[in-house]
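Comments concern the structure below.
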Amino acid sequence: MPLFKLPAEEKQIDDAMRNFAEKVFASEVKDEGGRQEISPFDVDEICPISHHEMQAHIFHLETLSTSTEARRKKRFQGRKTVNLSIPLSETSSTKLSHIDEYISSSPTYQTVPDFQRVQITGDYASGVTVEDFEIVCKGLYRALCIREKYMQKSFQRFPKTPSKYLRNIDGEAWVANESFYPVFTPPVKKGEDPFRTDNLPENLGYHLKMKDGVVYVYPNEAAVSKDEPKPLPYPNLDTFLDDMNFLLALIAQGPVKTYTHRRLKFLSSKFQVHQMLNEMDELKELKNNPHRDFYNCRKVDTHIHAAACMNQKHLLRFIKKSYQIDADRVVYSTKEKNLTLKELFAKLKMHPYDLTVDSLDVHAGRQTFQRFDKFNDKYNPVGASELRDLYLKTDNYINGEYFATIIKEVGADLVEAKYQHAEPRLSIYGRSPDEWSKLSSWFVCNRIHCPNMTWMIQVPRIYDVFRSKNFLPHFGKMLENIFMPVFEATINPQADPELSVFLKHITGFDSVDDESKHSGHMFSSKSPKPQEWTLEKNPSYTYYAYYMYANIMVLNSLRKERGMNTFLFRPHCGEAGALTHLMTAFMIADDISHGLNLKKSPVLQYLFFLAQIPIAMSPLSNNSLFLEYAKNPFLDFLQKGLMISLSTDDPMQFHFTKEPLMEEYAIAAQVFKLSTCDMCEVARNSVLQCGISHEEKVKFLGDNYLEEGPAGNDIRRTNVAQIRMAYRYETWCYELNLIAEGLKSTE
């Protein structure tokens, strides 16, 4: 039996909890834009007034306590120095390995040089009472269990180390289970056609039906009439809402905020001491590592949009080149007539020869700060939507030929650079069901394949725009247009071979739009079902995210059953808006892009650290839109040990050079004074985060890259010092073990 289980009645969140969660949501949404900017404190705990109030509160609890001798003994035991155990190598699949007392001895690794460790003695739970510490540990434990559950159901990633600790807390044996891992398409072999269709699986003829926003799979028509779907893991909305309300309450609890804030401050300070003591030893490791430096270790642009994957000079050069070659070619169609390229520019009253990067006006500047609407206008070269349709769209008069050529040129630059990869996003809007067919036809017909690129699908959250123009009757139709064609291609791949081949190259789904737009709607059991959402108002971020996740979960189970590649859910999150966005992502997203607002919530930031959720940060993009570069939390997150990578977002708007990813690294290195080891660690994180295949990750990171800590690092390929990897792993285990120690005291 597990050592610690929540009682059955606690699992069902009562009305009081739900009401509390609604109050928390309301307080997060109210004055969202201004409150945090006006406050001089990143988190409330830094405020000296609240600090003194907390100390007085703790003293009051201590003086009023009339506990028995047993309680005083338990309190004393909780306040003495605790020697924490850290799992090292896996000596057994059923038991966590331990070391001698943490303070008197240090862990040793065969491949890690000796280095100086930071040792903390004294009260590990200082600042909170023992009772509060137990409450905190219970809450963090359950939060990690919630994430683990949603990741495993959808074949997304959850690290081994916290999973081991969770099983240890439960009193259960941890067993490695690779069946929960995502499946990516292997790399194309030399001489193999990446668009071959002769190896597609056979059609199954299953029936599909969307019910309450989720696609259900039925073996035959009779099963549809009886409502007996195939036994796939379908989502449970009530359970999701209960879990969401629990997390809403958790991130608002005072003791949890105090404890997590103190732990994060400790992590930051500990890293700075580690750097001061071991920076030269890390550098010595890297200097002794032959044929590997920052330039030739693999790095992936984990967040980039295909429509802006080129820099402004590249786009300008291509426009001029196309005019030289295709001036008399019919390239554009209006209601009146078809236009040649020459006639189109004449209609716009301009000549390509006269264009400059300034007149092209696609670069974000001071005018776009806090103005996402103006930023979207930058996608129109020279402010002309006709040029955007011609050069940056897949569905136009020339079938997206120019856009395909630009992407191929960007891919050729990546191949030439050799050690850089990218994950461009292509858009599916959900306006009509034939979008998938058109996009896959564009992809296959133009033979868009690059060994240094993997692809993702982004879904803009613009239902309100389509509904106001009467393109869609309800939100359920948008979900149907997004997911039904993918399910059909999974069940009957030979019916649409182009889409089936295209899906092999897709690794995940992204949810994109301006997060600072508030919907004011809290997702609850009272929310309309997707087919009932006929309002012109946009659903909330959580509403979008849940139904995307729910369909991806069912889709992944079906594709895994068929031996096909699966998809990850990797949304934009935390760039702006309410903290509920990040809370939702913690539950159901494999990884996120941006994550700036984590600095406003110590609880969520600490949970992201414990679960090692990857975050693709884009400081140059944020600098033009939401946050000045010097205030970016990138360095703070890196020091604390969050799993962050660098990405470009939109090179056309934010970068100047031919290698925008290197530009991103170079500026971060200069502004934040990053060491070579820091940059290589971020690069290694990007490869772990991305959707390239297992075979390629083995080649880029080493045979044991799935192992966590120094055992999974091959310095010959990653150029990350083993000292750094050992420090990260031991610090991570220390924090996880604190939770385990806190729960032991409840027995």
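From the backbone N, Cα and C atoms, a Cβ is placed for every residue, glycine too.
Just so it is clear, the model here is predicted, and its values are computed rather than measured.
Residues or ranges marked as phosphothreonine by Swiss-Prot: Thr81. Residues annotated as phosphotyrosine in Swiss-Prot: Tyr216. Annotation source Swiss-Prot lists Zn(2+) binding site at His303, His305, His572, Asp649. Per Swiss-Prot, substrate binding site is recorded for His305, Lys374, Phe375, Asn376, Asp377, Lys378, Tyr379, Glu575, Asp650, Pro651, Met652, Gln653. Annotation source Swiss-Prot lists active site, proton acceptor at His594.
Where Swiss-Prot records a feature, it is marked here on the structure.
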| residue | record | contacts (Cβ under 8 Å, 6+ apart) |
| --- | --- | --- |
| Tyr216 | phosphotyrosine | Leu208, Lys209, Met210, Pro229, Tyr234, Val554 |
| His303 | Zn(2+) binding site | Glu423, Ser593, Ala616, Ser618, Ser647, Thr648, Asp649 |
| His305 | Zn(2+) binding site | Pro424, Arg425, Gln458, Asp649, Asp650 |
| His572 | Zn(2+) binding site | Asp510, Ser511, Val512, Asp513, Glu515, Ile592, Ser593, His594 |
Met652 (substrate binding site): secondary structure state under DSSP, collapsed to three categories: helix
Other same-chain residues whose Cβ falls within 8 Å of the Cβ centroid of His303, His305, His572, Asp649, the recorded Zn(2+) site, in sequence order: Ile304, Arg425, Asp510, Val512, Ser593, His594, Ala616, Ser618, Ser621, Ser647, Asp650
